[in-house]
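Asker: Take a look at this one; I'll ask things after.
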Amino acid sequence: MSVIFGLSFLFTKNALDFTTPYNFLSIRFLFASLSFLILFALKIIKIKNTKKLYKLLIVAFFQPILYFIFETNGLKFASSSEAGILIATIPIFITFLSPFILKEKVPKINYLFVFLSFSGVLLIMGLNVNEGFKGKILILFAVFSAVFYNFASKYFSKEFSPQEVTFVMMITGWIFFTILALINRELNYNVISNKNVFISAIYLGIFSSTIAFFLINYMLSKVSPVQSSIFSNLTTVVSVIAGFFIRHERITFNHIIGMSLIILGVWGVNYFKYRSEK
């Protein structure tokens, strides 16, 4: 999952060189929806609670709708490094809010490991505070959208299967962003004929949307959002390693220490959460 998300930024940048953000989001979720419908038609996946699926619109409202609106617009005003740092605060907010919203007990030592993981992200990305305040606020709204998506998915996991949650997210995302692209006069599916857009849509639609979000929803049905969300910081590790091998970017001492802190944080949160449940 972290590997999939770690490479998604590269494919997004490639696609946005040839099309607009909302048009590509429409294409991305079109591919995601089609992959789900094919699996459903082949009876590989089952959607049972069809009459109750409307309940899951609250999950789709937070993710992908609100999250991608805020992230897409936030990146216009904030640097990618700042966005990455703010996105890495998702596990922090989840850890602090879980006892109040989900009434879950969080071992106190988990707070230390969450901050260790966040410190690793800071060390890798550095602190660039030269960009606009507006962008930071929008990315922060994206963070809270992701936080409440985690809580909503966990809550509905008692009633719906991970594939049902993911199915509603993908279909709703496609419908919403298609309408948004139409309103903004951006909708143009002819760009799918462009090799870069097509490959990016395949990767982001099938792997980074259908598969990755299914894995997240599956994890949330089995473990605490605190445990599930901390894995998102491994995306930074994957991005650094991918940059080294694919784009021949330099790995510094800060990168090595930062990646070590992230991995230690992920291990600590899951190890001590598991021990507290035994």
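Note: Cβ is positioned from N, Cα and C throughout, glycine not excepted.
According to TrEMBL, the protein has these features:
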type	residues	note
DOMAIN	2-125	domain 'EamA'
DOMAIN	134-270	domain 'EamA'
TRANSMEM	25-45	transmembrane segment
TRANSMEM	52-70	transmembrane segment
TRANSMEM	82-102	transmembrane segment
TRANSMEM	109-129	transmembrane segment
TRANSMEM	135-153	transmembrane segment
TRANSMEM	165-185	transmembrane segment
TRANSMEM	197-218	transmembrane segment
TRANSMEM	230-246	transmembrane segment
TRANSMEM	252-272	transmembrane segment
Asker: So, taking each listed stretch (25-45, 82-102, 165-185, 197-218) in turn and counting its Cβ pairs to the transmembrane segment (52-70) that are under 8 angstroms, which one gives the highest count?
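Answerer: Going through each listed stretch, the top one turns out to be 165-185.
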Asker: For the transmembrane segment (25-45), which partner among 82-102, 135-153, 197-218, 230-246, 252-272 gives the most CB pairs under 8 Å?
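Answerer: Ranked by Cβ pairs under 8 Å, first place goes to 197-218.
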Asker: Cβ pairs under 8 Å only, please: of the recorded stretches 82-102, 135-153, 165-185, 230-246, which one is richest in them relative to the transmembrane segment (197-218)?
Answerer: 165-185
Asker: Do any residues, 6 or more residues outside the transmembrane segment (135-153), come within under 8 Å Cβ-to-Cβ of it, and if so which ones?
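Answerer: For the transmembrane segment (135-153), the nonlocal Cβ contacts are 58-59, 62-63, 66-68, 70-71, 73-79, 82-83, 86-87, 89-90, 93-94, 97-98, 101-102, 165, 216-217, 220-221, 225, 228-229.
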Asker: Using a Cβ distance cut-off of under 8 Å, indicate which of 165-185, 230-246, 252-272 has the most pairs with the transmembrane segment (82-102).
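Answerer: The listed stretch sharing the most Cβ pairs with the transmembrane segment (82-102) is 230-246.
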Asker: Do any residues, 6 or more residues outside the transmembrane segment (252-272), come within under 8 Å Cβ-to-Cβ of it, and if so which ones?
Answerer: 91, 107, 109-110, 112-124, 126, 226-227, 230-231, 233-234, 236-237, 240
Asker: Return the average pLDDT for the domain 'EamA' (134-270) as a whole number.
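Answerer: Its mean pLDDT is 88.
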Asker: Mind tallying the domain 'EamA' (2-125) by DSSP state, helix then strand then coil?
Answerer: 99 helix, 0 strand, 25 coil
Asker: Within the domain 'EamA' (134-270), how many residues are helix, strand or coil going by DSSP?
Answerer: 118 helix, 0 strand, 19 coil
Asker: I need to check the long-range neighbours of the transmembrane segment (165-185): which residues 6 or more away from its ends have a CB within less than 8 Å of a CB in the stretch?
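Answerer: Contacts of the transmembrane segment (165-185) (Cβ under 8 Å, skipping residues fewer than 6 from its ends): 20, 22-23, 25-26, 28-30, 32-33, 36, 40, 45, 47, 53, 56-57, 59-60, 63-65, 68, 153, 156-157, 209-210, 213-214, 217.
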